[in-house]
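Annotated features in TrEMBL:
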COMPBIAS  1-11  compositional bias 'Polar residues'
DOMAIN    92-528  domain 'Major facilitator superfamily (MFS) profile'
REGION    1-36  region 'Disordered'
REGION    543-565  region 'Disordered'
TRANSMEM  90-112  transmembrane segment
TRANSMEM  132-153  transmembrane segment
TRANSMEM  165-186  transmembrane segment
TRANSMEM  192-213  transmembrane segment
TRANSMEM  225-247  transmembrane segment
TRANSMEM  253-272  transmembrane segment
TRANSMEM  343-366  transmembrane segment
TRANSMEM  378-398  transmembrane segment
TRANSMEM  410-431  transmembrane segment
TRANSMEM  437-462  transmembrane segment
TRANSMEM  474-493  transmembrane segment
TRANSMEM  505-524  transmembrane segment
Amino acid sequence: MVNGTKTTQQRQAEEDRADLASTVEEEEREQLTAPSNLHYIQPSFISLISEKQWKPDVERAQDVPVYGRTTMATTILTQEAHTNGARMQLIMSILANLTVLSSGMGLGYSAITLHALTSEDNPMRMNSSQASWFASISSFACPLGGLVSGYLLDRIGRKKTLMLINVLSIVSWALIAVCSTTNFDLMYTQILIARVIIGIVIGLVSAPASIYSAEIATPKMRGRLTVLTSLSIAVGILLIYSMGYAVPDDFRLVAGLAAGICVLSLALLLFMPESPAWLMSKDREEEAERSLKKIRGYGAYSQRIPEVEKELMRMRDNVLAQRRAGQESFLRLLKQPQVYKPLGIIIGFFGFQQFSGIFVIVVYAAKVSSEASVSMDPFLCTVLIGITRVVATMLVAYILDTLGRKPPSIFSGVGMLVCMFGLALCSYFPPIESLNWIPTVLILTYIFTSTLGFLTMPFSMLAELFPQAVRGPASGVTVFFTYLMSFCTIKLYPTMVELLGSANVFLIYGAVSLLGVLYVIYIVPETKGKSLQEIEDYFRGMSHGSTPSQEVEEDEVSNLSSESV
């Protein structure tokens, strides 16, 4: 009898525990679906439904298994929100950088057209002086674009600046596509005007795309997104090289195809939201919130999202801090260490990039291949150069967030040094027939190693180093000096070869690469894993030990989610 009573009591206790567990589970479910907690749930359906269709009180079939374990559901849905946000950041950065394709095509265009335009079989051929102006005048116009870009970025915003750049690109390529076929002077004038416009485009486009990517990215993704600008330049060069290889004798058709690519880029920009940071700086807070929600993967969702509000608060505090500091001119702001230090460092980095011959190889790819005793078809060699650059730039997107900025740059400079000295030896002592593949390997290796560091890292760091208050004008000044140096190196290359010989020119480029390695080791800072605010404080001389970066905050959120399981 006693045993029966104990059994009944145990059964009753188990039933009470089951009822209590059911009640707790129901309460957790109600809390999970409460309006204040919907930011955990909504991102998982953002690609399937609109804001008006979203009905939190209606249970969907696919929700049933998730609600069975509420803590697990919270973790899964939070992870899906981060995945959606990462995907949106990548897509928006790609849309912004499609505009940069025109820059790459403009840089590589002379490499595939100079041969036809200077051929003795061409009745409207250019002489050597005209050809050098054709190749270099775009770089001469680049500084103007660099200066204007800073004004446009702050005046009309990132998106409209990119749209304007596409319009200019279309005009430039269309002008070459329809240039005169009977009057040389008219044709030459039209081509030079088009090259000036595309030069302005090259100067304009470098800063807006990378700045947009940096402003919409989380610290974890910023490295791989800002390198998309360099990747787009590489893809643009490969596109124009490939079109030149396929249509070697019709530079007008190649220009027409390039114009079509720019039209497509302009159309796709219509789907890209404006930078939330720029909108906040213009007191357009509601637009900034909508833009940030879209970029973070929440679409048109209207209810409050703590993560988004926290990020908007940081942007608002940054804008207010700048306003409290006063509306100072850029020249006055240059006296501040967080402005003049990164400006001097990045211009110096770009200087070593330009005077090590990187852009010379791009512009004179076919010519340099011949002077380096490359035995294969020069146009095929240019295509291989383009492919090598694209592959290397894709690797940079990975190593930026794993190895940082300095180690790849040091490796890059050493590789450039070895390759340039090797090409000089090949010019002094042409290899025997069985070893005539060596110059080809050296050029391709030079392109590969230069892309891993000296070509891409300055452009990637351009969007990281400057404070928000001067990011537009400081980037414009940097691009101005960069392309001024580019014009000098490209215009002087044929003269240097005539006076010094190609072997000595290669030795000079190798020596500059060596100096660049020392510059990176002792001068260039490492920005891996640092938020934009931490980078600014570093140059200001402030310690950031007590203020966690956004990346650390995200790690803590992720760890808390894991521990809740």
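Backbone N, Cα and C atoms are what each Cβ position is placed from, and that goes for glycine too.
Segment contact is absent for the transmembrane segment (90-112) and the transmembrane segment (437-462), given fewer than three CB pairs below 8 angstroms at sequence separation of 6 or more. Taking residue pairs at least 6 apart in sequence, the transmembrane segment (343-366) and the transmembrane segment (253-272) share fewer than three C-beta contacts under 8 angstroms. If you average pLDDT over the domain 'Major facilitator superfamily (MFS) profile' (92-528) in this model, you get 83. Within the chain carrying the transmembrane segment (192-213), a Cβ under 8 angstroms from the stretch's Cβ atoms is held by residues 92-93, 96-97, 99-100, 102-103, 106-107, 109, 133-134, 137-150, 152-153, 158-159, 161-162, 164-165, 168-169, 171-173, 175-176, 179, 222, 225-226, 228-229, 232, 255, 275, 459-460, 462-463, 471-472, 475-476, 478-480, 482-483, all 6 or more beyond its ends. Tertiary neighbourhood of the transmembrane segment (165-186): same-chain residues 99, 102, 105-106, 124, 193-195, 197-198, 200-201, 204-205, 208, 251-253, 255-256, 258-259, 262-263, 265-266, 269, selected by CB-CB distance under 8 Å and a gap of 6+ residues from either end. Sequence-distant contacts of the transmembrane segment (343-366) (same chain, six or more residues past either end, CB-CB distance under 8 Å): 107-108, 110-112, 114-115, 135-136, 139, 237, 241, 334, 378-379, 381-382, 385, 413, 416, 420, 443, 446-447, 450, 454-455, 457-458, 461-462, 465-466, 474, 477-478, 481-482, 485-486, 488-490, 493, 505-506, 509, 512-513, 515-516, 519-520, 523-525. Annotation: stretch 225-247 has the most Cβ pairs under 8 Å to the transmembrane segment (378-398), among 225-247, 410-431, 505-524.
Between the transmembrane segment (225-247) and the stretches 132-153, 410-431, 437-462, 505-524, the greatest number of Cβ pairs separated by less than 8 Å involves 437-462. Among residues of the same chain six or more beyond the transmembrane segment (132-153), those with a C-beta under 8 A of the stretch's C-beta atoms are 106-107, 110, 114, 117, 126, 160-161, 164, 191-192, 195-208, 211, 278, 359, 363-364, 471-484, 486-487, 490-491, 494.
With respect to Cβ pairs under 8 Å, the transmembrane segment (505-524) is most closely packed against 410-431, considering the stretches 410-431, 437-462, 474-493.
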